[in-house]
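K.L.:
Sharing a structure here in structure tokens format.
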Amino acid sequence: MDCSSVKKNFKPCCQCGVIIEANPANMCVGCLRVHVDITEGISDQATLYFCRGCERYHQPPSEWIHCALESRELLTLCLKRLKGLNRVKLFDASFVWTEPHSKRIKVKLVIHAEVMGVVLEKSFIVEFTVNHQMCDDCHRREAKDFWRALVQVRQRADNKKTFYYLEQLILKHKVHDNATEIKPVHGGIDFFFATEAHAKKMIDFLVTVLPCKYHHSKKLISHDIHSNIYNYKFTYCLEIVPISKDSVICLPKKMTQSLGGISPICLVYRVTNTIHLIDPSRGQVAEVNSTHYWRSQFNSICNPKQLVEYIVLDIEPIMDKDRKCFPGQGMISTKHVLADVWIVKASELGITTASIHTRTHLGHILKLGDCVLGYNIADTNVNDPHFDKLDKATVPDVILVKKSFDDRESKRMRKRNWKLKRLADHDVESTDGNEFNEFMDDLEEDPELRRNVNIFKNSLFAVDTDDTDYDPNKPCITLDEMLDDLTVNDVEMTD
């Protein structure tokens, strides 16, 4: 190569005199960085708008999105708020730590730009100020009179245990978060929503977790004939099955045949997305889903308010070989044990010597001298068309439901170190009378039932480890099953 051509490719910098490769600017990279600012036109300060009601950030023009601190979504939002960033090449972006309550978010950017044939790199920090602004949804929620969709949840039953269970499911899965207002009414709860999509989402959840049916209607509020825009208000009325746990029902004849020849008189031992039935005299179990129930409806002939306390005088378990079986019989429960029981009313103990014989599915938990709750079918006035068609000789005099524990209404309520949350802001111990306390008793006695319920520690009651009345056979909820109740007392910082 000619030496003269090599010398022509290298020239001194016009600013510092350093020999560099020839370029249109005749300046070295260091001098270019001093004289040319590639960040010119890129703002180093910007503003983000944050709604404290729903904890969302505003994304222009009209969208509000959830973003966690130092998340990828928040970084994307910050970069979109910067002007002039499209004229350079973004090489790297990262967060710089700031105090969570400082209302400041700092982002470090590394950019590349070509200046007179030379690629320059520069890093700088952009500071975002977080200002508070209420979103449109929170505005409507605070107004408390705006709604486009209404969900009415109702249960026409004497006992509300199923309704209380549904309330805890809603709280656990946070289905009510999009509601602008929740209004308890007689026989149910009304949920108001700003959009029909949120109401449909709640309806889909309720139909999934409980046997229920619904119908809907819409009302025209206003319309624009020029743009063909119609403004409707939608109403969804959802009805829960009027059946609750520990109720006695009488099945129609066709349904007993479709359920494997189960006895018409059955006990409801659980209500989830299906109605779980058990025949106390045979131990046979069956499930009735929502479709079958609404096709052939049946009602409770006895509800938990009619429970009578009995004392067990004698009990004899029934062996499997002594059970009566027939072809086509449905599934037999393996969790229960059939037994012949001789009982007497607790109010007549010591007064009469006559005992009552019945067959029960509680042979695995009952023993001599236990207290047990049951229904006195023989002395109950039952008004049911399916019950009137039965042969009275096949109807048991007493149906035992569950074991009773001493001082049920006093000691257990006084020593509860746990609590439940409610959709409405009221005291659970005083507004619903004894029904909600019975539901809490069921949670203590049934581990399967409380699996889908959030149980919180009650800070007002300390755990007494030196309790002399502690009985391991009595039902209780352990500390491992309880959640810590979070109470946030956040003081707003000022600029």
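The backbone N, Cα and C atoms fix where each Cβ goes, glycine too.
From TrEMBL, here are the annotated features:
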DOMAIN    13-240  domain 'Nmd3 N-terminal'
DOMAIN    243-290  domain '60S ribosomal export protein NMD3 SH3'
DOMAIN    307-403  domain '60S ribosomal export protein NMD3 OB-fold'
K.L.:
Could you pull the average pLDDT for the domain '60S ribosomal export protein NMD3 SH3' (243-290)?
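P.N.:
Mean model confidence (pLDDT) across the domain '60S ribosomal export protein NMD3 SH3' (243-290) is 93.
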K.L.:
By DSSP, what is the split of the domain '60S ribosomal export protein NMD3 OB-fold' (307-403) into helix, strand and coil residues?
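P.N.:
Breakdown, helix to coil: 13 helix, 39 strand, 45 coil.
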K.L.:
With DSSP helix as H/G/I and strand as E/B, how many residues of the domain '60S ribosomal export protein NMD3 SH3' (243-290) fall in helix, strand and coil?
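P.N.:
Counting residues per DSSP class in the domain '60S ribosomal export protein NMD3 SH3' (243-290), I get 7 helix, 19 strand, 22 coil.
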